[in-house]
């Protein structure tokens, strides 16, 4: 059995063990990275340690610390109350507003994890108050970020537009953005409706006859049916404006300024702002740090570290070679979209697009298919799985949910990501490549 095959089987095993036991799959992946790297290859310890995604670690820790402060200080409750007034009690406006907000941030250039990190805590809290499934609201947030992610000023869009340039279709930038926006908007509507309908049916089986009993503690059922029990359980009464909350809100605005205008790193910027806020009110430090989702951070960084090893030993290149051997450009595009979807579920979407671009370039240059059609398909396939808890956006969703719901919410995000990998690349390929839209 080849090293590439063994390495992929180990990754699958890590997920299986993590899914059926309480052992963190990220911890397994970290140990496996050293095991494979040191025992099955000639890599040294320093090289293997270099696979640890320090940039992703700082994004996760920095963003989640800042928004742990937002949660601890009650600023989320204040923002949720403002948003609730904006909706004027109309629940259908809640996901619309949250989708529009994340899409606007991403279109303006916010890295999608930054947009998700900014919106998710408020959106999930607001969803609880309006009886909306945590999963459904999370999908809306991520799809909103993806809808704006392929604007020319967004990192995703920059990479995709480089592929367009390489294929001689630099004038396709706007079409790429619009196609991705519309596709993600439709997916957000469909996903929200499907999850809400499914949640209502599940809630019927868990219905609590006594209104004084607690709501079932399940992220799939949280809110869901919009019953009076769920709404009362999550309604926050302390949403008044205070100097501390306004200062924290100013910190969030500063994060936007530093990342969108000055192009500074999201994680480092969030850490600096968090330190400033803690210096102003030291008493928030302990609960804020205790509220960090360390298990989620370990999970995501561990898996991504192992993916780094896969790249180093040529496993990713082997996939690319297999794709090139698929034959017809149309079928090769379909195969590429599925491979990109799988890789992006566990690693950076931007990094995946960059790594796969040498494979995509000759496919996009095929005059029979059209570069915009091919690259739009690849772009959608790579980003639609960002809800995966192993991706940064999915991990931030996981971190923004209630800590006690972490494991079931992780499973639901993973199930949805698997469904997206199985279905959406094929649909995108059918629409944009086979039907020729683009």
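Each Cβ is built from the backbone N, Cα and C atoms, and glycine gets one as well.
Note that the structure is a prediction, hence the values are computed from the model and not measured.
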*Stated TrEMBL location of transmembrane segment, expressed as one of 6-39, 142-175*: 6-39
*State the residue range annotated as transmembrane segment by TrEMBL; the candidates are 201-226, 331-356.*
331-356
*Looking only at residues six or more beyond either end of the transmembrane segment (292-310), which have a C-beta under 8 A from one in the stretch?*
7-8, 10-11, 14, 18, 24-30, 32-33, 36-37, 48, 50-53, 56-57, 60-61, 64-65, 68, 316, 343, 346-348, 389-392, 395, 398-399, 403, 406, 410
_Summary of DSSP states over the domain 'Dicarboxylate carrier MatC N-terminal' (4-149), given as helix, strand and coil counts_ = 118 helix, 0 strand, 28 coil
